[in-house]
Amino acid sequence: YPNNEISRGGCDECRLKDNKFFSKPSAPIFQCVGCCFSRAYPTPLRSKKTMLVPKDITSEATCCVAREVTKLDNMKLENHTDCHCSTCYYHKS
């Protein structure tokens, strides 16, 4: 996907950033932040005909997410040591 200044609309690129709210001086917490890609466009007529609930606008997006996700005692632990643009969590179902 495009990841240039024009498509981000002035938003910083996807990267790790120190989370000041959760971090402690001896234990910094890092979080993936920034923009990747999103766009919206009119839904093509042939696509609307196949939709259960037709919609006029179609959107595509990728979000800035942690590259690594591991399990710890059946609890999801997101290791934010590296970030990349991927499917937005709220689009996964």
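Using the three backbone atoms N, Cα and C, a Cβ is placed for every residue, glycine included.
A quick note: this is a predicted structure, and the numbers were derived from the prediction, not measured.
Pulled from Swiss-Prot, these are the features on record:
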DISULFID  Cys11-Cys35  disulfide bond
DISULFID  Cys14-Cys64  disulfide bond
DISULFID  Cys32-Cys83  disulfide bond
DISULFID  Cys36-Cys85  disulfide bond
DISULFID  Cys63-Cys88  disulfide bond
CARBOHYD  Asn79  N-linked glycosylation site
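Positions of Swiss-Prot features highlighted on the structure.
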{"residue": "Cys11", "record": "disulfide bond", "CB count, 10 Å": "13"}
{"residue": "Cys14", "record": "disulfide bond", "CB count, 10 Å": "21"}
{"residue": "Cys32", "record": "disulfide bond", "CB count, 10 Å": "20"}
{"residue": "Cys35", "record": "disulfide bond", "CB count, 10 Å": "19"}
{"residue": "Cys36", "record": "disulfide bond", "CB count, 10 Å": "22"}
{"residue": "Cys63", "record": "disulfide bond", "CB count, 10 Å": "19"}
{"residue": "Cys64", "record": "disulfide bond", "CB count, 10 Å": "22"}
{"residue": "Cys83", "record": "disulfide bond", "CB count, 10 Å": "22"}
{"residue": "Cys85", "record": "disulfide bond", "CB count, 10 Å": "19"}
{"residue": "Cys88", "record": "disulfide bond", "CB count, 10 Å": "15"}
Exercise. Taking Cα-Cα distance, which of the disulfide-bonded residues Cys36, Cys63, Cys83, Cys85, Cys88 are within 10 Å of Cys14 (disulfide bond)?
Worked result: Cys36, Cys63, Cys83, Cys85
Problem set entry | DSSP state at Cys32 (disulfide bond), helix/strand/coil | strand
For this session: Calculate the distance in Å between the alpha carbons (Cα) of Cys36 (disulfide bond) and Cys11 (disulfide bond), and round it to a whole number.
Result: 9
Exercise. By the DSSP assignment reduced to helix, strand and coil, which category contains Cys11 (disulfide bond)?
Worked result: coil
Problem set entry | Assigned element (helix, strand, coil) containing Cys83 (disulfide bond), judged by DSSP | strand
Exercise. Of the disulfide-bonded residues listed here (Cys11, Cys64, Cys85, Cys88), which is spatially closest to Cys32 (disulfide bond) when Cα positions are compared?
Worked result: Cys64
For this session: List only the single closest residue to Cys83 (disulfide bond), chosen from the disulfide-bonded residues Cys11, Cys35, Cys63, Cys64 by CA-CA distance.
Result: Cys64
For this session: Would you list, in sequence order, the disulfide-bonded residues among Cys63, Cys64, Cys88 whose CA lies within 10 Å of the CA of Cys35 (disulfide bond)?
Result: Cys63, Cys64
